[in-house]
There are 2 protein chains.
Amino acid sequence: MTAARPKEIRFNALEQGNPSFQSFGLWAHPRDKAIDYTSQRYWADYARLLERGLFDNLFIADVYGMPDVYRGNSDGALRNGSQAPSVDPALLLPGMAAVTENLCFTMTGSATYERPYQFARRISTLDHLLEGRLGWNIVTSYLGSGARAMGLDGLIPHDRRYEMADEFCEGVYRLWEESWGEGALQKDKATRVYADPSRIKRIDFDGEFHRFSAIHATEPSPQRTPVLFQAGGSSRGRQFAATHAEGIYLNGTTIEIVRDKIATMTKELESLGRSRDSVKFFAGVSVFVDETDELARATYNDYLQWSSLEGLISTMSGIMGIDLSQYPLDEPIVYEENDSNRTALEMFTRNNSWTLRQVLDEKALCGTNMALVGSAQHVADELIRWMDETDLDGFNIARIVAHETYEKFIDLVVPILQERGRYKTEYAPGTFREKLFGETRIPETHVAGSFRR
Amino acid sequence: MTAARPKEIRFNALEQGNPSFQSFGLWAHPRDKAIDYTSQRYWADYARLLERGLFDNLFIADVYGMPDVYRGNSDGALRNGSQAPSVDPALLLPGMAAVTENLCFTMTGSATYERPYQFARRISTLDHLLEGRLGWNIVTSYLGSGARAMGLDGLIPHDRRYEMADEFCEGVYRLWEESWGEGALQKDKATRVYADPSRIKRIDFDGEFHRFSAIHATEPSPQRTPVLFQAGGSSRGRQFAATHAEGIYLNGTTIEIVRDKIATMTKELESLGRSRDSVKFFAGVSVFVDETDELARATYNDYLQWSSLEGLISTMSGIMGIDLSQYPLDEPIVYEENDSNRTALEMFTRNNSWTLRQVLDEKALCGTNMALVGSAQHVADELIRWMDETDLDGFNIARIVAHETYEKFIDLVVPILQERGRYKTEYAPGTFREKLFGETRIPETHVAGSFRR
């Protein structure tokens, strides 16, 4: 399945505005800097580092609420700084953009809890300030605590959230693409015309979940619609991603899983009239690299000493929606044929004879990502193999220890990939979409582009 | 009424994320830079300039929707870049904070259209990133177009909006001050405890307008509650300001008006158990200064050539809620005893024999601010006189031509005020509230402080 001309590998750094989010407890590691995640300097250093490594994108995940399924409260999450507390990802971007020129930034925004007019303005403002280096990770927010924080009695059912998200997206697309026609923005000091009202349209939106009547508040930004990311794994989530996503983040611990997921998504895309090339696929990976395999393994084992079982089990309970405290830690997990948790548990414990502790130990440092542990040569070999044996476009590399994870990766792995001609030696010019696809505006084959006037 | 020891004068720069907002049409002036207001560089230059002038604060006004009362549409506003289009003020702050050390920033946030959990997180994130240099201008949003943009049929009545705002404030105060008890945040690498859940409380809020159940998402920021600004001029607005505001922005074209407004507000404050010293009062002023009175007058006249009647009348119609196109431009405005617009028109046209054009010409460059036109000596004299003959703490100085307004003021007026001992020669240390009041946390005599545990 090797392509005639091998693809260049793209990297996103995978982050969240939290003390720890995929390698729980590591904030306490002596060399970890995530304890400073509320400061601008922390994020500015981060952005400069990633730009030195020619990363495409810093991808900032986010949740509403705090994990509170484990033992029915957020104690475990708070005690371990596990996805809680958090900062608003949107506000991290302007400071980082100020110290970089090419690195792009993807912020998570909830299609369940945002309101179209406000959200569209916020995104347009950011796309202006970032000169088009913006992506939006569309999520539907899975925590019940997030629903209650937003005034609901509980979580809106999964598929219903995706229906809402389809409608939310239509609303913001129309504000971005339809409200200000081409040429509406004049900014002409000679004629003293700022904008031409005859080319500006009020959007009257009357949906099932959202309603508004407004001219888009903000003049057209470089990309108008930011680069759209999505990570939905369910059937309904895949349908949503096939409709909306330009970047798809998928998880898989084996090449076969990743290959199958891309093939499935490609079919979904094509059934909607979108080509395989209209989307970039990224797999989540956690990298533990050093000069030699032995040093890398030692690093892995050192990190493992700092991982927190309570932090991990709190977050996993939140993600699965199952209070894992009801299962014994050191015996194989047993569930009945009709256990309502069965499907989730099966996905979680693919090896039936494992105990909960064994499952959690395996996930302690890398969550649901595949893990690569070894020398720079080994890691580079593996990344290339994954590229060539699947149809991936690149990887989301998760933070384990800030900023050491990326320092080592950039110093050790990136030069090897460059030598092998599989990694860029300078950035492509322009906006995020231009760097990814060669065009700044979303294509007309995409639903957002269909609203262009 | 001169105080024994004259007060130092404080300055806020008054801005809005728009091409023009108090001096309509001036974006087209050859030296004006506001056309770049969507870029980070524009705001970074701005912030550096204000910090060089030892300004306390950059105050960013904001509206939801666009003026659309004049002729029933937004054409006049859009054509002239008058309060439309706009960018989200919150996102301008991190980039400016990154290039300054002491300048503080006040963003406008709507208590009518924001939701407590989201807004509280956004504010806390900013207060972290700005290291406590944050203020919040609490508004209730007066445009019908803003209401429709947020899905309502029309504007919620004025006093009802203030009831909502009281409740909104209680919600966010409780998240900021009550949810995380003192000592809850540990961040202790030795014990590996990030936060102590026993000192963290979920806020169960069940109000008339807002409902949520949540632990505040973000760990306590330096100030927790940002410095609270308000500008309500109505009776209900004054009551709200007396309850909540630590900084009050008031308008008045004469010393008597300003003196009366401060006296009235002081009585309201004291009736609520708050002292005069718990609030700083700032009057809006538009300054046209140059080396000599003649040069200043020439500058004023030059600027006037660039002002836009259509831009002004569109915005004034929006603020007044009256379509001014129904009145003739060049005859004195006549209204019946029972004209529903009478109160607003009386405030607007205090000289009954004036034509609409005369009123608008007077307001063309300074809106509802008082205007100071003259040499630096004259402007300094006048500012000191206003301080000494009222009980003001300082001024909100409006942008006329970006960034020339502040360049001239800082180069010409500030040194004279410093020579006279009426202006600081260096910043006080610390957070915004510490610079203003000597304490970083809001006092317990304030309703927000009453929630502290």
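Backbone N, Cα and C atoms are what each Cβ position is placed from, and that goes for glycine too.
Automated prediction, rather than curation, is the source of TrEMBL annotations.
Here TrEMBL flags A:24-385 as domain 'Luciferase-like'.
Using a 10 Å Cβ-Cβ cutoff, A:Thr108 (FMN binding site) registers 22 neighbours. TrEMBL lists A:Asp62, A:Thr108, A:His158, A:Tyr162, A:Ser234 with the feature FMN binding site.
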For the domain 'Luciferase-like' (A:24-385), would you mind checking the mean pLDDT of the predicted model?
94
Give the number of CB atoms, excluding that of A:Tyr162 (FMN binding site) itself, located within 10 Å of its CB.
23
Within 10 angstroms of the C-beta of A:Ser234 (FMN binding site), what count of other C-beta atoms is obtained when all protein chains are considered?
12
Around the Cβ of A:His158 (FMN binding site), the count of other Cβ atoms that are within 10 Å:
14
How many other Cβ atoms sit within 10 Å of the Cβ of A:Asp62 (FMN binding site)?
23
FMN binding residues A:Asp62, A:Thr108, A:His158, A:Tyr162, A:Ser234: largest Cα-Cα distance, in Å and rounded to whole number:
19
